[in-house]
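Trainee: Have a look at the structure that comes next, please.
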Amino acid sequence: MAAVLANGDSQGRPQRNYQVVVAGTRDMGIGKDGVLPWKLPGDLKFFKELTLTTSDPVKKNAVIMGRKTWESIPVKSRPLPGRLNVILTRSGSFDFATVENVVICGSMESALELLASTPYCLSIEKVFVIGGGQVLREYLKGPACEAIHLTDIQSSIECDTFIPPVDFSVFQPWYSSFPVIESNIRHSFVSFVRVRKSVAETHESNGKESTEVDTKNDKFETENFSFLPKMVYDRHEEYQYLNLVEDIIRSGAQKNDRTGTGTLSKFGCQMRFNLRKNFPLLTTKRVFWRGVVEELLWFISGSTNAKVLQEKGIHIWDGNASREYLNSVGLAHREEGDLGPIYGFQWRHFGAEYTDMHADYTGKGFDQLMDVIDKIKNDPEDRRIILSAWNPSDLKKMALPPCHMFAQFYVENGELSCQMYQRSADMGLGVPFNIASYSLLTYMIAQVCDLSPGDFVHVIGDAHVYRNHVRALEEQIQKMPKPFPILKINPSKKDIDSFMASDFKLVGYDPHQKIEMKMAV
């Protein structure tokens, strides 16, 4: 393709949207003395794959850059192969006459107009803006910028060129890789998507409890995020859940179960969620966030009284706390609502003799949760930082033996990670709750211990779909994920027993509608 010169005149013609690709430090330093102040082969590989790959094999992508960025590319590597190189310059002396796959434009507006016109609108799949500093400072927040792909440099590196930070009122993380260290530089790859056209109203609670999502402020103006490159779009962590559900429905073993409902089942599954940039609350259906928070606080309090949750409008334990159910499992002597020595009791009073939900167990048994926190603070390399709800001697006293039964915590690089083992996992109703609950617990313990949240690893024994959930889940897996929300916690809370529901605030949760599924009891 011969080079073309487009002037800077704008006639209000249609323009292409674009996505920014940039590597930057925590204060958004992107260069020093006109070059990248780091050498990261992994970053170059990511850049090449992102900007070169197309879904349509007959199309190519375009990369837009300023003249200085073009000149900073080694001569042997320019133009960037397999891509249309669009160079922004007003210099009349710029020599382009013999360069193939290069277009010269006098402004960003003229470049975007040119790419929206024939033949480029038919041959160019995606448009990436790749630098330099002046271009990015002006167009990182431009209304046509639909995504930002950031190599997040987490090591301290001196820079003299900076760009504005990502505007979190407009953009939210879609995907964040787990951190890697290369050339002694810690970094990760983060893709942000535009969810609003302009700065949203401030996320105030307007008198609501913070655990209530403010749907007015959190409503996305963007509903479909398929504009992302497929390699990024498919990395949304919710696909771990959706793909597992689909696999179980398609090829799971047919099993009977204690409820008589019947399941499709797989054994030995794992999902891993990155807690550093956002919070894994599923978006392909609305998850009962207030219920997640109140139940976890109830566990932490050591309570076994389902009526405490009922009084807050949380009815997730009603089925296992009813008179009829307690009678059916040999607990007819137990008061209705008394669930026995379940999760919270084992977390805070392991080994104590359980009498009923009204007894005062202060100082009785072993407080596993406080032991976990003490070890994280004082012996973070301990490999025995364990929280277990599985107490064989108490199982027959429980209304329901623990499903999520065992958690191990791990400290590295100032971050706290959690791996939870779940013996039995109801993929439709339970697992979305469980992912959120243990991720929240990790956030809380991390804050108490002056750490940052790292990973949540979810290991499942019997992962099953109840037969009466199949149709609802088939509907759910057809939905397209949206960005996970961001969780903010009252930073003044440093005692695990001091948290209240109002200390937690979700920002940017705009899921698909609720999908009804009946609980098997």
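Residue numbering: from 1, along the chain as shown.
Placed from the backbone N, Cα and C atoms, the Cβ positions cover glycine too.
Per Swiss-Prot, the feature domain 'DHFR' maps to 17-194. Taken from Swiss-Prot, the feature substrate binding site applies to Val21, Asp43, Ile130, Thr151. Residues annotated as NADP(+) binding site in Swiss-Prot: Ala23, 29-35, 67-69, 88-91, 131-138. Per Swiss-Prot, region 'Thymidylate synthase' is recorded for 197-521. Summarising the annotation, Swiss-Prot assigns dUMP binding site to Arg258, His404, Gln422, Arg423, Ser424, Ala425, Asp426, Asn434, His464, Val465, Tyr466. The active site annotation in Swiss-Prot covers Cys403.
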Trainee: What's the longest C-alpha separation between any two of Arg258, His404, Gln422, Arg423, Ser424, Ala425, Asp426, Asn434, His464, Val465, Tyr466, the listed dUMP-binding residues, in angstrom?
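Mentor: Site span for dUMP, by Cα atoms: 21 Å.
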Trainee: Using a 10 Å radius around each Cβ and counting other Cβ atoms from all shown chains, which of the binding-site residues Thr89, Gln134 yields the largest count?
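Mentor: Most Cβ neighbours within 10 Å: Thr89.
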Trainee: Nearest to Asp43 (substrate binding site) by Cα distance: which of the binding-site residues Ala23, Gln422, His464, Tyr466 is it?
Mentor: Ala23
Trainee: Here the recorded positions are Val21, Ala23, Ile130, Cys403; which one has the lowest number of other Cβ atoms no more than 10 Å from its Cβ?
Mentor: Cys403
Trainee: Identify which of the binding-site residues Gly31, Gly34, Gly131 has its Cβ surrounded by the largest number of other Cβ atoms within 10 Å, counting every protein chain shown.
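Mentor: That would be Gly131, with the most Cβ atoms nearby.
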Trainee: What is the nearest of the recorded positions Val21, Gly31, Gln134, Cys403 to Arg258 (dUMP binding site), using the Cα of each?
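Mentor: So, of the listed recorded positions, the one sitting closest to Arg258 (dUMP binding site) is Cys403.
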Trainee: Which of the recorded positions Val21, Thr151, Cys403, Gln422, Ser424 has its Cα closest in space to the Cα of Gln134 (NADP(+) binding site)?
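Mentor: Result: the closest of the recorded positions to Gln134 (NADP(+) binding site) is Val21.
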Trainee: In whole Å, how far does the CA atom of Val21 (substrate binding site) lie from that of Gly131 (NADP(+) binding site)?
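Mentor: That separation, Cα to Cα, works out to 8 Å.
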Trainee: Which value does the mean pLDDT take for the region 'Thymidylate synthase' (197-521) in this predicted structure?
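Mentor: Here the mean pLDDT over the region 'Thymidylate synthase' (197-521) amounts to 94.
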